[in-house]
Amino acid sequence: MLCSDGKKKLSFGGSIKDGDLVIVYEKRDVMKAVKVCETSVLQNRFGVFKHSDWIGKPFGSKVVSNKGGFVYLLAPTPELWTLVLSHRTQILYIADISFLITYLEIVPGSLVLESGTGSGSLTTSLARAVAPTGHVYTFDFHQQRAASAREDFQSTGVGSLVTVGVRDIQGEGFPDEYSGLADSVFLDLPQPWLAVPSAGKMLKQDGTLCSFSPCIEQVQRTCEALKSNFRDIRTFEVLLRTFEVHEGKIDSCQGDEGLSVGSPPCKRRHRSSEGSAMQDSSSSPTIKVRPCADARGHTGYLTFSRLQCLS
């Protein structure tokens, strides 16, 4: 799809073609990335699925196997790709990613510098945020890891928006060719304070920087390095808490185990509309809400700052 200026627009929809990457949704929290090949088949406990039956179907389609089982064929959006990609390194998840893209003020047309690339989870979301006219330049010191990430970006359709470089940003800094051009810089490094001076040179006036660190000691040293040329220094920890909602019956008081919506949490007896029969309110269906037992805990600290404008 093309924009009015003739540039390619990033799209995760359309119909499935031979060679496309699709996310196969088997059941809740069970997904895998599959490259479509007309002569191949996918076999799982739900049966055998021919890739040739997928071609021409729109993303989101439900396909049925020879045994009557089914799966859904989903587009490789950044959110789904984060869940199924091979974790070559620790990755950022959607809660952190959405927060930092907002705070870094990344919009279509932005130029973003990133170090290090890692598994490419964040990079894929950055590419979508800057599309169709922006660009992400990401660097990793590990050559094989950078090559694998480059292949993944091509597979997910964001290769034209991302340039992957091999460079030790901690030791060498960012390339001088980007000096004063970057709208935002993101650092995911063991010693991010070493890269802060170089990042400051890359940013436009009033540009934004974010550093991701799992340990508070790293945050302290990074903040000390930021004080010289940056302002509005803030650190956040994003903790995501999800809830399960389902229908059931409450037999007795549940205490702190769950909250119910639509009926009292304890047994109560009341008269029917006829005024004679007694009914137990606990026997009626109730919407039960409770926190998920496997809530994700600490991932890391996000430190944001803004380059000081020249007086």
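Note: Cβ is positioned from N, Cα and C throughout, glycine not excepted.
Nobody curates TrEMBL annotations by hand; they come from automatic prediction.
Here's what TrEMBL has on this protein:
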- Ser119, Gly120, Ser121, Leu122, Asp140, Asp168, Asp188: S-adenosyl-L-methionine binding site (BINDING)
- 254-290: region 'Disordered' (REGION)
- 274-286: compositional bias 'Polar residues' (COMPBIAS)
Intrachain C-beta neighbours of Ser119 (S-adenosyl-L-methionine binding site), sequence separation six or more, cut-off 8 angstroms: Leu85, Ser86, His87, Arg88, Thr89, Ile91, Ala149
Measure from the Cβ of Asp188 (S-adenosyl-L-methionine binding site) and count the other Cβ atoms within 10 Å, all protein chains considered. 22
Across all chains shown, how many C-beta atoms besides its own are within 10 angstroms of the C-beta of Gly120 (S-adenosyl-L-methionine binding site)? 33
If you count, for each of the binding-site residues Ser121, Leu122, Asp168, the other Cβ atoms lying within 10 Å of its Cβ, which residue has the minimum? Asp168
